[in-house]
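Only one structure is covered here, and it is reproduced in the block below.
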Amino acid sequence: MLVVAALICTAPAAASSAGSPELDPGRAGPPGGPVVLVGVPGLLWEDVTPEHTPTLWELAEAGAIGNVSIRTANSRTCPTDGWLSVSAGQRSLSDRERFTVCEPAPEPVVDGSGATVPGFRDFAEQNARSVFAAPVGLLGQTVRDQGGLTLAAGPGAALGAADESGRVDHYVDSARDLSQERLSGVSLAAVELPELTSLYPADSEDGDEPQEANPEDVPEQVREDTLETLDSRLSALIGNLPGGATLMVVGVSMDTGPSQLTVALTGEVTDQGLVGPASYLASESTRRPGLVALTDTTVTVLAELGLDAGVPTGGRVWQTADRPQPVEEAVVRLVDFNTAAVVVGAAIPGFFSGLVAIQLLIYAAAAYAMHRYSWGERGKRAVVLSVTRVVALAGAAFPVASYLANLIPWWATQLPPLALLASVLAVDALVVALAVAGPWRRTILGPMTVVAGATTLVLFLDLCFGAHLQMNSPTGYSPIVAGRFYGIGNIAFATFATGMLMAVAGISHSLISRGRRRTAVVTTLLVGTASVLIIGWPGLGTDFGGVIALIPGLAVTTMMIAGVRITALRLAAVGAVSVTSISLLAWMDYLRPVEDRSHFGAFAEQVLNGDAGTVLARKLGAMLGTLGNWHLTLLAAGALVFLFAVLNRPGKWRIGALQRAYEYAPTLRAGLTGSLVTALVGFAANDSGVAIPALALTVAVPLTLSACVWALQQREREPAEVPRETSYVPKA
């Protein structure tokens, strides 16, 4: 079934970007006229209402709207970071004394009608050396090189519109100083509306270092009044714009507090007001209707002016996608999406702390139970071991439950954090109930196969239909973190790959016990091939490192199920197949038009241009940095200790519980070994580093524990009752 589904999923992706929204091939706004980019730090869609921001609301009704992922080279985006990223078309940053305290942009030095940003070359040099190699000054320089004039209103806007030397052709201190005469003849006008930022000045008491402002310190009424002022200034600005101008309003950063998704809207200015397709914004960067990236702003401005950046950037041109009508419903969906992202972002530290605590508690309780009740009263022993098995299955089902929970609109409730937790626990209980409800519960690998199979099938189908379950999931990815917007995330890959390998081990166990080893091998290869395709196909899984990691694990599992001895030569051949496969996928993606490429094709281009070293260095640094994440490192270490020091330790049963389980189901060794191989290679090949083995073991070890408990429950059987599938499976 997975093979058929893979063919169905990958067929359309070969011609276009599967999983992406239905995009209008035209640009979001008309070409030809000047572009006015209005940056509003801290503007969220929940701020936009007919009562307090009538101008913004009218623009939203008529134009294209969306959320903006404002992630820059800093995880917390200040206005200076945002404007520099707009300038470069790539994630940028600015130095600040305290990470949580934003520092104002430098005041430009006025020279005639223009101005120069002091220290601009320092910004440019700093970002050129960063892992993103951001070309600060790209936007303004490109406009000026083609004979266009730039204007900036406000210090932040000057950073965004300045050329490589830090100069803008025209400068005013604020939007209030703009007039039709000032805007006449200008190709690009960058305008800063900093009213929301001014609400949250950095606090400094008694000469101490400034502290981050607390959003709760500003009364709601004060913020609403400020929004009304901001809206009136935007209205005045629009009144001064020439007909045919393209207006882009972007929340370039936060005003204070952790990052969220901000506002983006665009349309054409006419005598009748703003016109444009009443639609969602989208781009090939995110491939999600209603979501664009901040770095998309740069190439969109240039595209509206009929210009090309001339160098690779991190963004793609804004496009349009259908949105619900009326506008109220469209805005509510944008607000809900941001709510989900914020709640999940806040929940992740506690989620992983809880996951580590629960998993370690399961291991400790299981170790005690198996030791304490290895002999003694049969009734008590049976109850304790049965409970241990159910708890182990619940632990293994936790990751897939975190994805399925997104089928429930928990973000629309009064208490989203509690609703998220309740949804995950409810779905987890449902998966476990399915695992222990059928006749398969009486077999050693039956419940394990159900949980592993559910994990595999859920994520497989999710990839086919746009990866909506992964987005804003605690074990998926976040548009605020912005490590990935589509495809399979690294944590989801670890869950999916482990689930698949353990599932085929369980299926093979059933087939081999009936004397159908060849069918078991063919089934493993078919399911594994479908999994490799869905993970690696550009526009679907789009996971470069995932293919490299999964093929060796799949090969080891298949060889062990087939009864073939694993040798160094065979492992080398597997490595060659992995490299060839990923190179072919990257080359195929590279051959597509630039606007349709995923990061597979982009990486192939970087290799050909000799620029891949920067990307690899960034990913290597990120991978090594994960070792400092004590939650995940402890989780991986605890799982390995339990697996090999507890389950594999001989006790009162003369052999370890793991070895006893292998006697009943040798294919368990194949699935577990393949999972460990994939986890190890994934650790080295992915920038998520230790997260790969940690999450892989979170699935594999509890599933193995459930099989070991079954084996202990059956130890009083006669040897003759041991299933026939104890035929040879070589050790890894």
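Using N, Cα and C of the backbone, Cβ positions are placed for all residues, glycine too.
The compositional bias 'Acidic residues' annotation in TrEMBL covers 203-219. Residues or ranges marked as region 'Disordered' in TrEMBL: 200-223. For 1-17, the entry in TrEMBL reads signal peptide. What TrEMBL records for 340-369, 390-412, 418-437, 444-468, 488-507, 519-538, 544-564, 571-588, 630-647, 668-685, 691-712 is transmembrane segment.
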Intrachain residues whose Cβ lies under 8 Å of the transmembrane segment (668-685), provided they are six or more past its termini: 444-445, 490, 493-494, 497-498, 501-506, 508-509, 545-546, 548-550, 552-554, 556-557, 560-561, 623, 661-662, 692-693, 696-697, 699-700, 704, 707, 729, 731-732
Candidates 340-369, 418-437, 444-468, 571-588; stretch with most C-beta pairs under 8 Å toward the transmembrane segment (630-647): 340-369
Sequence-remote partners of the transmembrane segment (340-369) [C-beta within less than 8 Å, at least six residues beyond its ends]: 258, 260-261, 384-385, 387-388, 391-392, 395, 398, 402, 410-411, 416-417, 420-421, 472-474, 478-481, 631-632, 634-635, 638-639, 641-642, 646, 698, 701-702, 705, 709
Cβ contacts the transmembrane segment (444-468)/the transmembrane segment (571-588), at least three under 8 Å, sequence gap 6 or more: no
Result, the transmembrane segment (390-412) in contact with the transmembrane segment (418-437) (3+ CB pairs under 8 Å): yes
Spatial neighbours of the transmembrane segment (390-412) far in sequence, C-beta under 8 Å, 6+ residues away: 336-337, 339-340, 343, 351, 355, 358-359, 362, 365-366, 419-420, 422-429, 431-432, 435-436, 447-448, 451-452, 454-455, 458-459, 462, 468-476, 491-492, 495, 499, 695, 698-700, 702-703, 705-706, 709
